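S.K.: Input: one structure, supplied below.
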Amino acid sequence: MEPSTLYFYVNGRRVTEKNVDPETMLLPYLGRNLRLTGTKYGCGGGGCGACTVMVSRYDRGTGQIRHYPACACLTPLCSLHGAAVTTVEGVGSTRTRLHPVQERIAKSHGTQCGFCTPGMVMSLYALLRSHPQPSEEQLLEALAGNLCRCTGYRPILDAGKTFCKTSGCCQSKENGVCCLDQGVNGVQEAEGEQTSQELCSEEEFVPLDPTQELIFPPELMILAQKQPQKSRVFTGDRVTWISPVTLKDLLEAKAKNPRAPVVMGNTSVGPEMKFKGVFHPVIISPDGIEELSVIKQGNEGLTLGAGLSLAQVQDVLADVVQQLPEEKTQTLCALLKQLRTLAGSQIRNMASLGGHIMSRHLDSDLNPVLAAASCTLHVPSQEGDRQIPLDEHFLSRSPSADLRPQEVLLSVTIPYSRKWEFVSAFRQAQRKRSARAIVNVGMRVFFGAGDGVISELCILYGGVGPAIVCATDACRKLVGRHWTEEMLDEACRLVLGEVAIPGAAPGGRVEFRRTLLVSFLFRFYLQVSQSLSRMDPGRYPSLVGKYESALEDLCLGHHQRTFELQSADAKQLPQDPIGRPIMHLSGIKHTTGEAIYCDDMPLVDRELSLAFVTSSRAHAAILSMDLSEALSLPGVVDIVTAEHLGDANSFAKETLLATDKVLCVGHLVCAVIADSEVQAKRAAEKVKIVYQDLEPLILTIEEAIQHDSFFETERKLESGDVAEAFRTAEQVLEGSIHMGGQEHFYMETQSMLAVPKGEDQEIDLYVSTQFPTYIQEIVASTLKLPVNKVMCHVRRVGGAFGGKVGKTAILAAITAFAALKHCRAVRCILERGEDMLITGGRHPYLGKYKVGFRNNGQVVALDMEHYSNAGSTLDESLMVVEMGLLKMENAYKFPNLRCRGHACKTNLPSNTALRGFGFPQSGLITEACIVEVAARCGLSPEEVREVNMYRGTEQTHYGQEIHTQRLAQCWSECKAKATFSLRRAAVDRFNAGSPWKKRGLAMVPLKFPVGLGSVAMGQAAALVHVYLDGSVLLTHGGIEMGQGVHTKMIQVVSRELKMPMANVHLRGTSTETVPNANVSGGSVVADLNGLAVKDACQTLLKRLEPIISKNPKGTWKEWAQAAFDQSISLSAIGYFRGYDADMDWEKGKGHPFEYFVYGAACSEVEIDCLTGNHKNIRTDIVMDVGRSINPALDLGQVEGAFIQGMGLYTSEELKYGPQGALYTRGPDQYKIPAVCDVPAELHVFFLPPSKNSNTLYSSKGLGESGVFLGCSVLFAIWDAVSAARRERGLPGTLALSCPLTPEKIRMACEDRFTKMIPRDTPGSYVPWDVVV
């Protein structure tokens, strides 16, 4: 068959392609073929939103143009025939005009690293094309599928809200009060307290003008109106794509290719082919078949075409619900409820109703409801039409109930509900939106005579087995029973007996899932009872009071953000930018997609791609490695092994590639080099390795302790007389807390490009790294070259957080080796799953403590032991342990303290630095100890915190003097700003009247030491050139990874040289211009490099002083020309030797830190005791920032770090299998905070400026400190859990573990449902996952 031609538009320009490979997705095509690099690769599975574009299509049936967001990483190029694609470049640019969305996100300070920003822009843009004045709920829905690791989302939401309708009301009357009227817990604030400083002027924003948008191409409209004559066929190397254009063609194609999947949005088949190794040689993708888009309201039900997207289904259901009487819409409302939280907007607009039904995923949110409602599927074939029930047999793929191979799903009919029929749907996930359900359920009951006697009952659960499960026997036995609590108890017993979840069930969380089975049943019972009461109050009593709080899920509510920052000094010159909220200087480029990251760089001539082969075993000997099949594949050039590297394979105590054994799943074994990325990855899958498992296999901290498996010797600090203090203590307790690890989840994965220069063995490296010098050194060592022949360049990094240092150097060294060996450029971009598997993250911690204290809560003795899971190599683990010990006391003076730390050697990928560097773990252990002391003393944790807090001038446990007046000020200000006492009383009142939902309030202090522990690690350099036109080029050793260091450095130059910031340019960081620079991290990047930049500027000014003094009113252009004429150098090197710092671990004493950042945070939450869900109601943060160089950037660091910390402590859960494999390898399984997790109210306050003569303009580094404040949310949750436990007569204290996920919250709120579930005997099964 002759290949078809593909026509579509991109940014208003026609694209014509022949011979399209069906395996080509839109994302790589945009970057490689069209050089549109603004659309980013973040995960490859539609889970992060970085690749969002807008797709526009003309609907021949309605005559309307539909604009919707889509994930380019999952959009097959073949599917775009007749569509118009808009990328971020097509929305606006610096060369043409900025779109209001781009302008407002940038000027609202909504970008940091900028890698997620194009996706954010496109999600908002697509929303505005359909809803020019959206509601706040529509805004939240539009951004639910976009992840950001830097900003904390608040400034992005602020930008989006400028387009919203003036009323931001939640449109509901939760507890009978509108969200705009109720304050928090009924505590109203004074009018003045609700105002906020402006960081940008909304009046200056360009108004949105829908008439100025790109029009839909008339050519495509004409093309769509013409009835196509025949199916389109595209044939690639491995896959054939058939696009039938009529139902007849579709049925014919399916008859000829009965095993071929029918693909509409590619959101199910696409990930299966990419991540699960499923292969389909033929794919059928209908295009524009009207019968697949039918919407028909009949007398008995609603018929929806299988080709409708889930977003279209959502819109249709919302319209129909408004038209029909309530009694007919039970099923429709249940489906709507599930659709609101199902995936992100991009996926809902791509995925089809038919695809969702036919995929029959075990955790499908719609199928349990559709099956419970007895829906019917219409399935034609060439042999005729059939109707089959969508029931449990269909969902379990029973051959007698399934579609025949030649049939297609055409439509589904959803029956209207009847009077006295009730349908409900529930789901529980790790995150409120855009997260797969852990358990979901569809439930329907029918009381035929309206007498409360069950005539029909249907309950289907998802997420509890290999397929959706129907509790058939339980439902049958309950028919004829009255709807009473006795019936409920019997129903719970029957369901638990029928729906069995084995202890070793895939997915884990077994007891939680069992509890949800009956918790959801209880909620269904209550909702039906309440409906019965409304319909016939005489017969059915109201549930108001006892059970009212259990009826509904948590409501997210209205969002508000305020901040009180610092203003610039009134005495400084107007043009002096220091202290002013200057926008991130790459902000506009972030929003237009013009900011270039490593993988955006153009292809180099004859460039190669590299893909790694990693170990599938955690501890094993390599018996053999067969490369023959991989080497025989087309395009494969070479495979690099440890043997090729020789003695260069080893550096420090690590190896680049495995030699004779592997130490973890994800250990690098070899690297495949091929002409393209696709060829390299396919070849990597063909490398055959034979292993022999070795003993012992050590994964957990407990196993490491058992096998005495540790790196180095322990680290120890001690002050006072601990033994004597314990003897005199009035009370003593012992406890422990386990804290899980955390994935960096920088939005840009590990990326590098090695380019041999062609002579003298020179090589240039373009790497996404925090430490170019280290990359340079390791690569030079591997290539056996002097360092001066290896140059590392970094323009910007798409997020790092400590994760782009050690492992990045290993990846870069192997990439550079391949490049130099073949004298060709080599590019290596890790996929998200590879990145998460290989690179490690934050160390899991086990903290054990013994504490002696007085009855007033004052701690007199503390003996603490830290165990960190370091993984298979040492990496940064020793320094993490050290920093954890040095910072462990947080804000408290413990007079007698002993603390020890151990780095456990295990068979996991090496863990490494992550924002906070040990303090988020060690600080949490201390706070958990404080909470337990408070419970033992019958005091609030806040009272115990105050009793033990540093006061005035003190000495730390390592002997450094500390002045803590600002700490006390932060604490008292936070208490006042948060109206803590009033809200504490309000929370208690709420809890007294709400048995099933509880609120919690917690406040934690912060003392974060800043410094790197040695002088040498703190040195920095800068280079400043003044050109003859008066412009300045600045280079320094710091890396721009989102924190705005380049912006701050240009502010420094502007102040020192008294010139506009626009006159100063900074191209990036390079070992060629500033050699031997230290790592960018530890909150000191701006501090150290800023002092070097300041030194360079002052050197220049001193050199030019005679010239300037002769012409004081001259311009820089005139001064530069005069200096040149007098042979005076216009270049200056600035240098800062580093802060004075030392630490003697033998003596346990020293002065490792230059200064301390102080702060406090108060958070309020509400939990759902039935499901474990929680919502973040409000957070107040007070920070001591010294004198802020840029309040807007500093606010972004505080908020972003807080949200990242909140994720660490509540939702981000790494899951490992019992053989050491990481399960959580992408946003589908690993849940960082999303827009829905941001506190409804977030208030940030900076203390007035303070002076510190040693730092840059008295500023303080804020990159890491805010992470720890996220634990205020954890302790607020625990406060709520404790309230629930006290009410149930349970001990208020229970061993804390972190993260405090919905599973842990629910299981801690013990009740009759947790007690009725079956329990497995430990040791009788192998659990699906292990706690490492």
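Every residue, even glycine, has its Cβ placed from backbone N, Cα and C.
Take a look at what Swiss-Prot says about it:
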- 4-91: domain '2Fe-2S ferredoxin-type' (DOMAIN)
- CYS43, CYS48, CYS51, CYS73: [2Fe-2S] cluster 1 binding site (BINDING)
- GLN112, CYS150, ALA800, PHE801, MET1041, GLY1082, SER1083, VAL1084, VAL1085, GLN1197, LEU1262: Mo-molybdopterin binding site (BINDING)
- CYS113, CYS116, CYS148, CYS150: [2Fe-2S] cluster 2 binding site (BINDING)
- 234-419: domain 'FAD-binding PCMH-type' (DOMAIN)
- VAL262, VAL263, MET264, GLY265, ASN266, THR267, SER268, VAL269, ALA343, SER352, HIS356, ASP365, LEU409: FAD binding site (BINDING)
- GLU1264: active site, proton acceptor (ACT_SITE)
S.K.: Looking only at CYS48, CYS113, VAL262, ALA800, which of these binding-site residues has the biggest number of Cβ atoms within 10 Å around its Cβ?
M.R.: CYS48
S.K.: Reduced to three states, what secondary structure does DSSP give ALA343 (FAD binding site)?
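M.R.: Note: ALA343 (FAD binding site) is coil by DSSP, not helix or strand.
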S.K.: Please report the Cα separation of CYS116 ([2Fe-2S] cluster 2 binding site) and GLU1264 (active site, proton acceptor) in Å, rounded to an integer.
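M.R.: Here the two Cα atoms lie 21 Å apart.
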S.K.: Measuring Cα to Cα, how far is ALA343 (FAD binding site) from CYS48 ([2Fe-2S] cluster 1 binding site) in Å?
M.R.: 11
S.K.: Using the recorded [2Fe-2S] cluster 2 site (CYS113, CYS116, CYS148, CYS150) as reference, state which further residues of the same chain have their Cβ within 8 Å of the centre of those residues' Cβ atoms, listed in sequence order.
M.R.: THR111, GLN112, GLY114, PHE115, THR117, ARG149, THR151, MET747, GLY798, GLY799, GLY1042
S.K.: Can you give me the same-chain residues 6 or more apart in sequence from SER1083 (Mo-molybdopterin binding site) with a CB-CB distance under 8 Å?
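M.R.: Non-local contacts for SER1083 (Mo-molybdopterin binding site): PHE1008, VAL1010, VAL1157, GLY1261, LEU1262, GLY1263, GLU1264, SER1265.
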S.K.: Measure the Cβ-based neighbour count of ALA343 (FAD binding site), defined as the other Cβ atoms within 10 Å of its Cβ.
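M.R.: Counting Cβ neighbours of ALA343 (FAD binding site) within 10 Å gives 25.
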S.K.: Distance between SER268 (FAD binding site) and CYS150 ([2Fe-2S] cluster 2 binding site) at the Cα atoms, whole Å?
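M.R.: One finds 29 Å between the Cα atoms of these residues.
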S.K.: What is the number of other Cβ atoms found within 10 Å of the Cβ of CYS43 ([2Fe-2S] cluster 1 binding site)?
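M.R.: A count of 25.
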S.K.: Name the secondary structure element type, per DSSP in three states, that contains HIS356 (FAD binding site).
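M.R.: For HIS356 (FAD binding site) - judged by DSSP and reduced to three states - the answer is helix.
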S.K.: Specify the nearest of the binding-site residues CYS51, GLN112, CYS148 to LEU409 (FAD binding site), where nearness means the distance between Cα atoms.
M.R.: CYS51
S.K.: Mean pLDDT, the domain '2Fe-2S ferredoxin-type' (4-91)?
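M.R.: A mean pLDDT of 97 is what the predicted model shows over the domain '2Fe-2S ferredoxin-type' (4-91).
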S.K.: How big is the Cα-to-Cα gap, in Å, between CYS51 ([2Fe-2S] cluster 1 binding site) and VAL262 (FAD binding site)?
M.R.: 24
S.K.: Which Cβ among the binding-site residues (CYS51, CYS116, CYS148) has the fewest C-beta neighbours inside 10 Å?
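M.R.: Checked CYS51, CYS116, CYS148; of these binding-site residues, fewest Cβ neighbours within 10 Å: CYS51.
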S.K.: State the count of C-beta atoms found within 10 angstroms of the C-beta of MET264 (FAD binding site), not counting that atom itself.
M.R.: 24
S.K.: Pull the DSSP breakdown for the domain '2Fe-2S ferredoxin-type' (4-91) and write it out as helix, strand, coil residue counts.
M.R.: 16 helix, 31 strand, 41 coil
S.K.: Among GLN112, CYS150, ALA800, PHE801, MET1041, GLY1082, SER1083, VAL1084, VAL1085, GLN1197, LEU1262, which the record lists as binding Mo-molybdopterin, how far apart in Å are the two most distant Cα atoms?
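M.R.: The Mo-molybdopterin-binding residues span at most 17 Å between Cα atoms.
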S.K.: Work out how many Å separate CYS150 ([2Fe-2S] cluster 2 binding site) and GLN112 (Mo-molybdopterin binding site) at their Cα atoms, rounded off.
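M.R.: Cα of CYS150 ([2Fe-2S] cluster 2 binding site) to Cα of GLN112 (Mo-molybdopterin binding site) measures 6 Å after rounding.
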S.K.: Out of CYS73, MET264, HIS356, the binding-site residues in the record, which is closest to MET1041 (Mo-molybdopterin binding site) when you go by Cα distance?
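M.R.: Considering only the listed binding-site residues, the nearest one is CYS73.
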